[in-house]
Amino acid sequence: MTGNGHINHDQQEDSDVRLLREMGYTQELYRGFSPLMSFAFCFTAVNVLASISLGFTFTLNTGGSGVAIWSWIVGSLFTILIGLSLAEICSVYPSAGSVYHWAGQLISARRAPVASFICGWFNFSGNVAADAAFSSGFATMINSAIMLNGQPSLSIGIQVAIGVGITFVWAAQNALRIDRQGWLNNLAAFFQIASSIAIVIVLLTLAPQRATAHDVFTSTYNATNFPFAYVCCISILSTLFSFSGYEAGAHLAEETRGAGRAAPKGIVGTCVCSAVVGVIYLLALLFAIPNVEAFIESYSDNNETMSLVVSTYQLAAPGRGAMALTILLILNLYFAGMSSITVTSRIGFAMARDGVFPFSSYLRWIYQRTQTPLANIVFVFVIDSLLLLLQLASTTAFTDIIAIATLGFQISYLIPIFLRCTAARKAFPLGEFNLGRFGLPIGIISSIWLMITSIFMFFPTTYPVTADNMNYTVVIVAGIFVLAASYWLISARHWFVGPKRTDLLTEKTLPVDETNVEYSPGVITTRF
């Protein structure tokens, strides 16, 4: 029995290595992730419990309960559609480059360099900003826990130092071999679900007063001074940030066994499970607040530096109960940040491997003992630390970091899906996971949603707009664009050819488990 299992593992390993070689790359990273680890990694990287908590203050101030819950429901449905589209592409091209690699495959060879260059920079920027958001959020929750204990708030400098320190810990953990970190992600996924259940039960059973279902689903609160229709548009931002990063499993496809099937299923499973866990957690928070307006005014006046999600814990279970829930949240943030650093280092490695960055020959270095991209992990840590230092100069830096992260993900998802629906519409090969005739319409719907919601991220969130409260996302994104465009025009366009290509016009041979597929002319369909 053990011998057969070893043989099957070797056969799967060979097919994964062969597919990677067909895409033009050699196996450099350690392929130690199982399908369960792939899903656990995706689920941990998104971690809606942590993400919803980080954006909860924005959520309440921008529409209140009714807008928050309906934004989550609508956003979840479209996110699942986007996840399906990305999963279909991932099945054909299971590469560490993920969206960056796909953008270079789904367009003509002449335009592939610029398409992959733009997509890669947006995705890398989004991932780096997400790392910084988790680090900053971790420090914020530590500060809230200290305040719950009756101590004064930490200075912004100390909070930034905590953020940089925890980022270093995450980077150090990512130096471990991937299969060892994979078991940590399995534990983290279980812990997220268990802690979500515990927090929901406490909020629903111990809250002294609860909101009615009518209030939760229909009441609104507008602290922005903008018209209600405008508020409905910008309120989707917290939902989109909470889901950002669900393509994480694709970045570890080169380290996953049976990646052509496991990575796509991890993406879709993460979207569905995160939607369910998220709506349950969000409902529990909103039901624990009987009057949103009175709650916000009370806690904002008295505890300006305390997170409103921790204030909700305190409202429902004062004292030790609130502290216990906050500790659970901090641990979830810890696991989410650890996974986020992993994702960012993998997209950075894939881009450095193709020469996107200056000094790429150094940034692509692999530490052979653990087969991890150690140079890129250090690179990511340095950039994250610099982003965290921005909080010393601006009080709105955290909000801007979240907006940059979400926008980076949105655009990097849009590019390959849009190209799959246009340039590669007739030549796109179907992989082990595919949507059949529904692939194109789902891709079109996903593209339209991504285009529209990306525009909302540049909108200001408070009126009147001043230098203190304006949305600086447009300024920061413009700066990144100028930097990347200058590098492209001065240097990269003369030599960068994009990721190694697989000719879309040539029929692709994909690794297939013949015991688990059905055949029809020109299509390979996995049985579920």
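Backbone N, Cα and C atoms are what each Cβ position is placed from, and that goes for glycine too.
Annotation comment: TrEMBL describes 36-57 (among others) as transmembrane segment.
Per TrEMBL, the feature transmembrane segment maps to 69-93 (among others).
Taken from TrEMBL, the feature transmembrane segment applies to 114-134 (among others). Residues 50, 54, 97-104, 106-107, 163, 167, 170, 241, 244-245, 333, 336-337, 340-341, 343-344, 347-348, 350-351, 354, 356, 380, 383-384, 387-388, 398, 401-402, 404-412, 415-416, 419, 480, 484, 488, 492-493, 496, 498-499 of the same chain lie 6+ residues outside the transmembrane segment (114-134) yet bring a C-beta within less than 8 angstroms of a C-beta in it.
What TrEMBL lists as transmembrane segment is 154-172 (among others). Using a Cβ-Cβ cut-off under 8 Å and counting only residues 6 or more beyond its ends in the same chain, the transmembrane segment (154-172) has close neighbours at 131-132, 135-136, 138-140, 142-143, 146, 334, 337-338, 340-341, 377-378, 380-381, 384-385, 388-389, 391-392.
The transmembrane segment feature in TrEMBL is assigned to 184-207 (among others). Listed as Cβ neighbours of the transmembrane segment (184-207) (distance under 8 Å, sequence separation of 6 or more from its ends, same chain) are residues 36-37, 39-41, 43-44, 47, 49, 173, 277, 280-281, 284-285, 287-288, 312-313, 315-317, 321, 325, 328-329, 331-332, 335-336, 338-339.
According to TrEMBL, the transmembrane segment annotation covers 227-246 (among others).
Cβ atoms under 8 Å from those of the transmembrane segment (267-289) belong to residues 39, 42-43, 46, 48-49, 52, 56, 60, 65, 68-69, 72-73, 76, 79-80, 82-84, 86-87, 90, 192-193, 196, 199-200, 203-204, 207, 210-211, 216, 242-243, 246-250, 295, 309, 312, 315-316 of the same chain, restricted to positions at least 6 beyond its ends. According to TrEMBL, the transmembrane segment annotation covers 267-289 (among others).
Per TrEMBL, the feature transmembrane segment maps to 322-343 (among others). Taking Cβ pairs closer than 8 Å, the transmembrane segment (322-343) reaches residues 41, 44-47, 49-51, 53-54, 127, 130-131, 134-135, 137-138, 141-142, 144-145, 148-149, 166-167, 170-171, 173-174, 181, 184-185, 188, 191-192, 195, 198-199, 202, 245, 248, 251-252, 309-310, 313-314, 316, 377, 380-381, 384 in its own chain, all 6 or more past its ends.
TrEMBL lists 374-395 (among others) with the feature transmembrane segment.
Residues 54-55, 82, 85-86, 89, 99-100, 102-103, 106-107, 115, 118-120, 122-127, 129-130, 132-133, 136, 237, 240-241, 244-245, 247, 387, 390, 443, 446-447, 450-451, 453-454, 457, 471, 473, 476-477 of the same chain sit 6 or more residues outside the transmembrane segment (401-419) yet have a Cβ under 8 Å from a Cβ within it. For 401-419 (among others), the entry in TrEMBL reads transmembrane segment.
According to TrEMBL, the transmembrane segment annotation covers 440-459 (among others).
According to TrEMBL, the feature transmembrane segment maps to 471-490 (among others).
The list of residues near the transmembrane segment (374-395) in space but at least 6 beyond its ends in sequence, with Cβ under 8 angstroms from a Cβ of it, reads 128-129, 131-132, 135-136, 156-157, 159-160, 163-164, 167-168, 171, 174-175, 341, 344-345, 348-349, 352, 362-367, 401, 468, 472.
For the transmembrane segment (440-459), the list of distant contacts is 78, 81-82, 84-85, 230, 233-234, 236-237, 240, 403, 406-407, 410-411, 413-414, 417-418, 420-421, 425, 471, 473-474: same-chain residues at least six beyond its ends, Cβ to Cβ under 8 Å. For the transmembrane segment (69-93), the list of distant contacts is 23, 63, 99, 101-102, 105-106, 216-217, 232, 235-236, 238-240, 242-243, 246-247, 249-250, 253, 260-261, 263-265, 267-268, 270-272, 275, 278-279, 282-283, 286, 413, 416-417, 420, 428-435, 439, 442-443, 445-446, 449-450, 502, 508, 510: same-chain residues at least six beyond its ends, Cβ to Cβ under 8 Å. Through the fold, the transmembrane segment (36-57) approaches residues 133-134, 137, 140-141, 179, 182-183, 185-186, 188-189, 192, 195-196, 199, 237-238, 241-246, 248-249, 252, 256, 259, 262-263, 265-267, 269-270, 273-274, 277-278, 281-282, 285, 307-309, 312, 329, 332-333, 335-336, 338-340, 342-343, 402 of its own chain, all at least 6 residues removed from its boundaries and within a Cβ separation under 8 Å.
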